[in-house]
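First comes the structure, then the notes that go with it.
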Amino acid sequence: MAELIQKKLQGEVEKYQQLQKDLSKSMSGRQKLEAQLTENNIVKEELALLDGSNVVFKLLGPVLVKQELGEARATVGKRLDYITAEIKRYESQLRDLEQQSEQQRETLAQLQQEFQRAQAAKAGAPGKA
């Protein structure tokens, strides 16, 4: 009985560890998006300071290519919208993973109690080993 519970407990621990890895990956991804959001907001602010007489370039591979100011502003705006949507998606994913992780912790606690009871019963019943 105790061996069966121990195997089940081990499987649940592995699931919990995988959830923690997924949670860590999602947090890392969200942090990268936050950095991109900050960077793009700075670019948007800088583009807002320019007027039509200024020349704007964008980097395509190793080459700088002239770009219209309006087009550059639109591109940055679209990028900000995309990054914001991705951050919301990551936040939702993080909430789900945290909820799953909490449920997994509760399952682990129950299995640990069952295992301890089985161990105690095994120790309390001499000759059944």
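Placement of Cβ uses the backbone N, Cα and C atoms for every residue, glycine included.
Residues or ranges marked as N-acetylalanine by Swiss-Prot on the basis of similarity to another entry: Ala2. Ala2 (N-acetylalanine) falls within a helical segment according to DSSP.
Feature annotation from Swiss-Prot assigns N6-acetyllysine to Lys21 (among others). Sequence-distant neighbours of Lys21 (N6-acetyllysine) (same chain, 6+ apart, CB under 8 A from its CB) do not exist here.
Residues or ranges marked as SUMO1 cross-link by Swiss-Prot on the basis of similarity to another entry: Lys66. In sequence order, Val55, Val56, Phe57 constitute the residues six or more apart from Lys66 (SUMO1 cross-link) in its chain with CB-CB distances below 8 Å.
Taken from Swiss-Prot, the feature SUMO2 cross-link covers Lys66.
Residues or ranges marked as N6-acetyllysine in Swiss-Prot (evidence: similarity to another entry): Lys66 (among others).
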